[in-house]
Amino acid sequence: MLDLFADAEPWQEPLAPGATILRRFAFADADALLADINAVASQSPFRQMVTPGGYTMSVAMTNCGRLGWTTDARGYRYAPGDPLTGQPWPAMPSTFASLCQHASAAAGYSDFQPDACLINRYLPGAKLSLHQDKDEPDLQAPIVSVSLGLPAVFQFGGSRRSDPLKRLLLEHGDVVVWGGPSRLFYHGIQPLKPGQHPATGECRYNLTFRRAGN
Ligand code: SIN
Ligand code: FE2
């Protein structure tokens, strides 16, 4: 199928104070990012983690960078080692670091230095319930989130769980950056609809870059 928008220039949409959507910002780098996701996953495989409440997450996860986010019966935390392999998490690929640097600067956060990248893989039906990203000690640093593959509905609310939610479709190459006044805003992903994407088949990937250490 001819994609009339394949060559479109990225554009920006304001989302909330301190939060911006960079539409298609990662489109041109998508194939390189996907190849590096596979390289990371060949060392630290995708796995469905268990929450402290005993619930197996529908999203499969892995990490790269100095620290990685994990959850198990003992709680949520960032750790330097992959509990599955007993090895350090794979290094952050330079494609990831460079995209994150350009995206954060474009959104107004010019010296963001991520030390962790959580990689989420959604198959049809997988979702991420409304939550805050609050396991990071340095809340001055933003969150940079990159969407690849099948589209998904992203919910973005406010600082209280009960605040009204915006619902936006995130498509292949879209990047969302939130920080400053919206750093702790609630967000989530609605259950992924089945489909086929030319770059990823039946799944969606999301990269979230974080500053997880001091
Ligand atoms: C997240 O909240 O960590 C990921 C959101 C997404 O998959 O877009
Ligand atoms: Fe999150």
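Each residue, glycine too, has its Cβ placed from N, Cα and C.
TrEMBL labels come from automatic prediction, so no person has curated them.
Secondary structure from DSSP puts Arg77 (substrate binding site) in a beta strand. Taken from TrEMBL, the feature substrate binding site applies to Trp69, Tyr76, Arg77, Tyr78, Asp135, Arg161.
Along the domain 'Fe2OG dioxygenase' (113-213), the predicted structure has mean pLDDT 98. Positions annotated as domain 'Fe2OG dioxygenase' by TrEMBL: 113-213.
Taken residue by residue with DSSP, Tyr122 (2-oxoglutarate binding site) is part of a strand. Counting every protein chain shown, the number of other Cβ atoms lying within 10 Å of the Cβ of Tyr122 (2-oxoglutarate binding site) is 24. Per TrEMBL, 2-oxoglutarate binding site is recorded for Asn120, Arg121, Tyr122, Arg204, Tyr205, Asn206, Leu207, Thr208, Phe209, Arg210.
According to TrEMBL, the Fe cation binding site annotation covers His131, Asp133, His187. For His187 (Fe cation binding site), the number of other Cβ atoms no farther than 10 Å from its own Cβ, over all displayed protein chains, is 21.
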Nearest-integer angstrom distance between the alpha carbons (Cα) of His187 (Fe cation binding site) and Leu207 (2-oxoglutarate binding site):
15
I want to verify one value. Collapsing DSSP to three states, which class is His187 (Fe cation binding site)?
strand
Identify, in sequence order, the residues in the chain of Arg77 (substrate binding site) that are 6 or more apart from it along the sequence and have a CB within less than 8 Å of its CB; answer 'none' if there are none.
Trp69, Thr70, Thr71, Asp135
How long is the line from the C-alpha of Leu207 (2-oxoglutarate binding site) to the C-alpha of Tyr76 (substrate binding site), rounded to the nearest angstrom?
18
